[in-house]
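What TrEMBL records for this protein:
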- 187-218: coiled coil (COILED)
- 327-342: compositional bias 'Polar residues' (COMPBIAS)
- 343-359: compositional bias 'Low complexity' (COMPBIAS)
- 382-395: compositional bias 'Polar residues' (COMPBIAS)
- 403-415: compositional bias 'Polar residues' (COMPBIAS)
- 11-282: domain 'F-BAR' (DOMAIN)
- 425-485: domain 'SH3' (DOMAIN)
- 313-424: region 'Disordered' (REGION)
């Protein structure tokens with residue numbers, strides 16, 4: 001450190017004190033550290049803003065996916081609306097976190113960036129103007145005192161050398177008196193040497209004391225000048241510290257959603273939507289629209305007609321039965337009219353009725369039995385609930401799936417009577433020829449070489465229904481597999 005001054009070369013720093021020559025460097029370095037800390041704070045805010053953005057995107061994706069699953073699933077009525085309220089909450093919270101991200105980057109980040117640009121000015125030769133000014137100020141304040149300190153050090157060394165020489169001369173003179181071979185002339189020279197060394201000691205001591213006194217006299221001015229430059233550095237650092245405190249408070253306000261009225265309203269609205277769920281109302285609606293409250297064309301005696309002699313094929317029957325309007329509607333007064341996401345009109349789709357049948361109707365016409373089982377199952381696939389279409393959930397959600405009372409197998413190993421029947425004769429083991437990644441919730445994903453079970457034959461669109469070895473059931477392209485010989 002002391003090498004910064006030509007006059008202070010050779011001056012030894014005896015302590016870690018600020019007042020030692022060159023020890024002001026730590027104060028000067030703090031200016032460069034302040035610029036780096038601005039960069040660190042901007043990076044910190046930038047990373048938090050990126051986290052807020054990713055969280056907002058994940059909330060939006062989660063809400064979109066689960067909203068579709070709930071709407072297509074078997075849940076209905078007020079409980080469905082209460083469930084969907086969670087997705088609405090996620091979408092609104094996502095918007096708030098995007099606003100947080102925008103505030104962090106557009107306000108806080110830019111504010112620090114602009115302040116750093118105004119507070120620190122780069123030089124052509126590198127470094128900052130503020131650093132050079134502080135360096136020059138300390139050098140100027142320390143130079144006179146450092147020069148006198150160098151003189152003191154030189155005088156001290158000369159004095160100590162003279163003392164050493166005096167001691168050596170006295171020792172020689174004492175030893176010569178005991179030597180009888182030494183002539184008087186040589187003894188005289190030794191005595192003169194002792195006398196001269198004593199005079200040198202006095203002279204160097206006087207010079208050492210004088211230079212030390214001059215250093216002491218210059219010390220107050222030296223301290224005043226150093227204090228002045230140091231205070232200038234303190235004021236510059238104080239501006240940075242106060243600015244950081246101000247920015248951190250603004251960041252805290254942007255991150256704290258508890259004081260945002262719209263954030264509170266989101267959860268107030270969510271609570272109200274959940275509380276409006278009414279089991280009695282939902283059960284009454286289900287009875288009226290899906291249960292005994294539905295109307296029915298009860299069988300009546302019909303006269304034979306020649307026009308009805310021809311038996312319709314299953315495909316013609318499905319076309320004719322699509323959108324059949326039921327008559328003879330009788331509803332009790334307590335039945336509540338509520339929108340039905342599955343079948344709100346009085347028109348019953350034929351594939352909806354067929355989806356709950358475990359096998360074909362034995363009372364249909366004989367020609368009807370000629371239709372393939374795959375044609376019967378086509379309509380079942382179209383009406384599979386979200387629970388059947390989405391069996392690719394992470395396995396870490398629950399390790400007690402065997403205890404699920406709604407699973408296809410009960411505790412005794414018996415099959416669930418509500419599961420759809422699949423003819424064992426239709427099941428064929430096949431091997432995948434290519435990799436396939438399911439594009440929809442009801443599609444399977446597999447790799448080339450994987451084996452699976454084909455449960456239904458290929459439909460008109462070229463799709464088959466199959467089951468993976470892990471139990472997942474879904475659709476896959478028929479030309480992606482081959483039978484295992």
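Just so it is clear, glycine is given a Cβ too, placed from its N, Cα and C backbone atoms.
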Cβ under 8 Å to the coiled coil (187-218), counting only same-chain residues 6 or more beyond its ends: which ones?
-> 144-145, 148-149, 151-152, 154-156, 158-159, 161-163, 165-166, 168-170, 172-173, 176-177
Tally of DSSP helical, extended and coil residues in the domain 'SH3' (425-485) = 5 helix, 27 strand, 29 coil
Roughly where does the domain 'SH3' (425-485) sit in mean pLDDT, to the nearest integer?
-> 89
